[in-house]
Each structure stands twice: as structure tokens, then as C-alpha cells.
Amino acid sequence: MKMGRSDKATKQPQEISPREEEILRAAFDVFTEKGFHGATMLDVASRARASKATLYARYPSKEALFEALMAWATRQGTDALDTIAADETLDPLTALHRIAAQLLALMLQPRKLALFRIAVAEGNRLSAVGRTYSVFTRDHGMACVRTIVTRLLKQGRIVIDDRAEFGHSFIGLLQGELFMRALLGTIPVPPRPEIDRHAQRAVTRLMRAYAAPASPRPEEDFTPHARSDRR
């Protein structure tokens, strides 16, 4: 069975010009202040000091502008995910830990938290907003996770009957209460060492749940260094 969406890589955004980045920064400010529904193209044009004609020439609709904003806002950090997933010399469990930490750090960036709030607020009114957020954030990370899961399966270290369920478990454990509290603004974005520790605990719990019979017992350590420590 498939793990969620297609295994095809998420379409990556192209490099943009400094002027386009100015427009997208203005769009981010307007969307976070007014929400997707409340924002207008005129608001963005005014904030970016551009004409409506210029804005519509680049983005034919508010939805297209939001998609471009999402692609731009999520660009930083995704290269690191791709690099980890592509490194076949890396132990897959170590790779999974690194991807988990990097993905959680990306999701906890203030800009991405703000965009997630917009996607949640507008999801019922315009489902395309939520889909756009998913494509450029979680879906990209999950494509990298699928690559690592395939290696773990080939090595006989995990057993998965339902890959979609595995993906949901991974995201649920990774985000946990930490992400929700940061999303609600009840805690500041934690420092990277705390994010790394949270991600490590999430992967350890995940591996305990899906460990193959021949793998270490559930009470054993599933940290990246555990295998070498036992030798």
C-alpha cells in the first residue's frame, strides 16, 4: 500500500528575483495580518509598492499568489532533507533521525507556523489553501521519509502493513504537544537542541512500534548510536 500521497518528488520552486521576493514578503505580511479571505490583491500591491497590473501579471489570482508565497516560504531547509535522503552511505536509522529533526525544525519556524495558521483558518472556506500548505511542507518531508523507510524495509528492520498509517504515526509523534503549543503561541519556538531531542524521542517510539521481530527488543535503545554501542 502507498504511504499517503504519490511518491513523486514535490515540485520544487524556482529561484526568484529580488523584486519578486519583495512582493512575496509583502504578501506574507498581508496574509498573516488579514488572513487569506480578508486579504486582497490591492492590499498586497499597496504593501509591495507595486501596481495591480504588475501583481496580476505575475500572479493571475490570489490563490496563485498564495501558492507562490508558500513555495518561497518553504524553500529554505528542504535541500537538507533531500541531501540526507539521497545519501545511501548513511545508516537509514541515522538518516531517519536527521530527517525528523530537520523536518520538525522547519515546521517550527515562525513563518511556517504563521502560514499553517492561515491554512487551518481558511481550510473550510477554501480547501486549496490547505492543500497548498501540505504540498510544500509535510508532503516534501514525507517523500524523503518514504525513501528511508524503503531502506529500513529492505534491511528487515521494520515491518509495515500500512504505509499510510506509518506516515500518520510519524507525523503525529514528531509534532506532538511541542508543535501544538508553539502553534498556539503558548511557548516560544524551542532552541534547536530541544527540537533534536524531541525528534529523537519520536523516532525511537516509532521504531519500537514497527520493529521487525528480529530487531532489538522494544525496550532497547533506537538512537542512531545504539547499534554501534552494542558492537
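Placement of Cβ uses the backbone N, Cα and C atoms for every residue, glycine included.
Bear in mind that TrEMBL entries carry predicted annotations, made automatically and left uncurated.
Keep in mind that what you see is a predicted model, and the values were worked out from it rather than measured.
Look at TrEMBL and you will find 17-77 tagged as domain 'HTH tetR-type'. Confidence annotation: the domain 'HTH tetR-type' (17-77) carries a mean pLDDT of 92 in the model.
The DNA-binding region annotation in TrEMBL covers 40-59. Note on the DNA-binding region (40-59): DSSP counts are 15 helix, 0 strand, 5 coil.
The region 'Disordered' annotation in TrEMBL covers 210-231.
The compositional bias 'Basic and acidic residues' annotation in TrEMBL covers 217-231.
Away from its own ends, the DNA-binding region (40-59) comes close to residues 20, 22-23, 25-27, 29-30, 34, 65, 68 of its chain (Cβ-Cβ under 8 Å, at least six residues beyond either end).
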